[in-house]
Amino acid sequence: MAIEAQAPPPSATGPAVWLRKHFFATWYDTVFSLVFAVLIYLALKAFIGWAFVDAIWRVENKDLCTHDAGACWAVIESRGRLILFGLYPYEEQWRSTLACLAVIITIALSCLPSFWSIRRLPILWIAGFATFVLLMRGGFAGLELVTSEQWGGLSLTIFIFSAVFVIGMPLAVLFALARRSSLPVIAKSFGFFIDIVRSLPLLALLFAAAVVVPLLVPDWLQGNKLMRVVIAFAIFFAAYQAEIIRAGLQSISQGQEEAVAALGMPYWSLVIDILLPQAFRNTLPSTINQAVITFKETSIVTIIGFFEVMASGNAAIGSGEWGNQYVEVYVFLALIYFVFVFGLSRYGAWLETRMRLGHA
Amino acid sequence: MSQLFSSQKFRRTALQGGFILGVVALIVSTVLVGKSNIADQGMATGFGFLEQTTGWPVNFSIIEVTGRSTYALVLWAGLLNTMLVGFLTLIFATILGLVLALMRVSSNTLIKLVGASYVEVFRNVPVILQVFFWYAILTHLPSPKQAYSLGESFYLSNRGIMMPAPALSGGDVLWLTASVILAVIFLLLTRKHLQSGPRWAIAAGAIFIVFCILLLTGREPDSALISVPQLKGLRFVGGITLKPEFTALLVGLTLFGASYIGEIIRGGLLSVDRGKLEAGRALGFSTLQINRLIRIPLAFRAMLPSLTNQYIWLMKGTTVGIAVGYPDYFAIVSTSINQSGQTMELLALLMGGFILINYSIGFLMNLLNERIKLKGRN
């Protein structure tokens, strides 16, 4: 019995085929697609109407801001500086802007692979952080002195983030190396310490640093509240980052350490030249993820009474004048965080793909 | 002598000895400074204060707490509040996360897009901002007199969300808990003897029957089975009220947590080797069978460790409740520190409470992991 020759299956190309495959593959796909298309259309229409078409942009038109009108962005024009700079003196706010730019440039530069070296990155970050602090604080070359009690808004958020990063990263390396130490007492104690810190809520640690530490250390060692909270935050960050670095260290083959020992290189050279570069390179996506989480968690310090961007946003709607514009202010805050966090996390995802392809 | 210093064994011992001495010195000096500071401020030490009454009210609790309750009871109420909001968050966020993950692995581009947008929006905004947002929305609802009403039984007002609830007394709840525990024991005992279908049906049926009996017996002849909220004067009576503080924290944490859990589940689903799914198809399994018998069990195994971490993170995340005035364990401890001054003792209790909760979650998830991990080979 012969089998009759059949035509080849139709080659699947063209927009109609693409549409069918992605939207109308089965009858329930068609139903879902139609329902979601209608929902997306309605949601977008409502959102664009609220945020753009019916929105009120200028403070002059503030009286038009009623319940039925669209978004009242006038609140941002009126309170934007409070949200971004907090109580920083009005005439000096350009310094705050420049300082934030310095840190943003630092972050951008450290995303470039040409800066990925164990000597360049720390120098870059310390330089960026020092520029930030000098500009914010002033007190030299005719710049007015502005103490950290007056810092606020987005610049305080960026200060806390970069300070935590600059202090926390060396600590994390120290913790990771100590936990892997061949000395059992040191390895066990640091392991215990890291596990305890990781099982506590960040808020509890920050609270302890703000309220309890003054009771436990002599006066000369206390520093101010902001410093204590930043150090506690850095320790929290370091405990998580140390585990990431440790995972990176574990992925390096034992043979390399033996080779270094055979060549008679000292321990610090083993760490700086051989282990850390590879450990960081292997765990870059997790490290960026940790940075993203840290940036989001800076918003928690608002609870223990710091005036960072979350708190200044709340202050902007705390007064009676703009009390009803809470949605606009929260959307604005969300956008600020979103820009930073989404940007960094997209970069991390891109890096991950690149590394999977074997480039980095 | 020089030989002694160059001996590696001696150096190792000396280093570790020095480390121990340093840690001990740090602890001793901290305790000494702390003691003198506490003595200067005239504060008592020890856990005796737990027996004293607090003198301040707690605005939300599932057990009866008043200003005359002891510190021990109020702290317990705080721990229960944390666990209540935490476990509800875990359940809802896992369900929503599963839906999101399925949406993101769907072959329909539109569904994928909706899932991806949700995850990006909710994951990239701090959870505390989300909680503030929902709290602002909830507290700007109209007063009870002008409350939005859904079918005369659900009401949305600035005092909270009112909804109908079964009219159960405290004793009824006790009976119900007992029947649930019995059902779980039944499930465990019959594991080897009955198939899973009938076992679960019997257990669920038994709980349902107990529930109905409780609703129908031992109550006033005229009282309703379901208590529906009704406006009496300026406030609502009956039903169950979800206060804005509680609702904002639950909604905020759930929506935020779901975006993370969704990504973890998606990662698990994608980690399943395509060859295994194709093998299933080659054997003639239906899509449903492939999902139920191959994909989900394998994915579950892959995602359990990350899921455990995320659960622990969400439990710790409940502490942001203090920002909107929800009296969770952290909030109660911090008020107690303000009121009683027993800083060290309360801080120890705070750490103890969280370590207890986190290690319990870790322990339960590890049990689960033991049960589902590949048997036979390692």
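Cβ from N, Cα, C; glycine included.
Automatic, uncurated: that is what TrEMBL annotation is.
As recorded in TrEMBL, the features of this protein are as follows:
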TRANSMEM  B:12-33  transmembrane segment
TRANSMEM  B:73-100  transmembrane segment
DOMAIN    B:79-365  domain 'ABC transmembrane type-1'
TRANSMEM  B:121-141  transmembrane segment
TRANSMEM  B:161-188  transmembrane segment
TRANSMEM  B:200-218  transmembrane segment
TRANSMEM  B:246-265  transmembrane segment
TRANSMEM  B:311-334  transmembrane segment
TRANSMEM  B:346-368  transmembrane segment
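Between the transmembrane segment (B:246-265) and the stretches B:73-100, B:121-141, B:200-218, the greatest number of Cβ pairs separated by less than 8 Å involves B:73-100. Among residues of the same chain six or more beyond the transmembrane segment (B:161-188), those with a C-beta under 8 A of the stretch's C-beta atoms are 138, 147, 153-155, 199-200, 202-204, 206-207, 210-211, 214-215, 218-219, 223-229, 236, 239-242, 247. Each of B:73-100, B:200-218, B:311-334 was scored by its Cβ pairs under 8 Å to the transmembrane segment (B:121-141), and the highest score goes to B:311-334. Here the transmembrane segment (B:311-334) has long-range neighbours at 58-61, 74-75, 77-79, 81-82, 85-86, 89-90, 93, 127-128, 131-132, 135, 244-246, 248-249, 252-253, 256-257, 260, 346-347, 349-350, 353-354, 357-358, 361-362, 365, meaning same-chain residues at least 6 beyond its ends whose C-beta is under 8 angstroms from one of its own.
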